[in-house]
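Residues annotated as transmembrane segment in TrEMBL: 12-29, 35-54, 66-84, 90-107, 114-134, 140-158, 179-205, 217-236.
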Amino acid sequence: MFSFHKPRQHGAWAMLFMPLFFSYAVTTVEWLHVIFLAAWFIVFLFSEHFLFWLKKPAKRTSYLNTSLLLLLGAGLMLLIVFFFYPGILLLFFAMLPFLGVSIWFTMSKKERHILNDISGIIIFSLGGMASAYIGSGNFYWISFFLPLLFFAGSAFYVKTMIREKKSSFYRNLSFGYHSIIVMILFLWHPILGLAMIPSLVRALFLWGRSMTPKKVGILEIINTIFALICFTIYVTT
């Protein structure tokens, strides 16, 4: 009746939690953040199960049942958050078009497309912005843009390491993106530029090397922690 699908992408865990943890440095942390963290985690599990079912709907009915149960649980928890901060609903409405993009790519069996990756990153970043809204009632765009800029670079880099190893397009995209973003962020503030230096280094020097997806994912988690520390230092000082 119910089946559980464990997410296998290490980078997805980093994208799930980093924007939320960064938001705690931006806003005033309160008890509703605990509820939102739990709800957002369940929303993530819902999307994993729902999209997994969508690939083979006739054979994976039990995963649909699980996804609906998860959606119910997340919805009940989010109702509490919406009651105190109804403005967050605007951010959830903003996520819907990007959820539609993910559904379309999944139904088209093109879920590894870079646009689908970027769409997911936007949703995660909006989740961080929603978390920053709690405790302040303000839309802090920095809580959206910094995670978005960071994880977009990760998406381009991972493509060059796993599925597009021989693609000159993705290689040039990754090299160029990281180089430009590092310069822009250094002009914004040195600590923000520093946050992206490891990303630039690994994009330049790890490209072409043979690494397992698991190792790539673990290194991305370490890189994400470093960026999170730098971003936090920036907003708190």
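Counting starts with 1 at the first residue shown.
Note that Cβ sites are derived from N, Cα and C of the backbone, with glycine treated the same way.
Automatic prediction, not curation, is the source of TrEMBL annotations.
Computed from a predicted structure; not experimentally measured.
A contact between the transmembrane segment (35-54) and the transmembrane segment (217-236) is absent, since fewer than 3 of their C-beta pairs, 6 or more residues apart, lie under 8 Å. Between the transmembrane segment (90-107) and the transmembrane segment (114-134), three or more CB pairs separated by 6 or more residues in sequence fall under 8 Å, so the two stretches touch.
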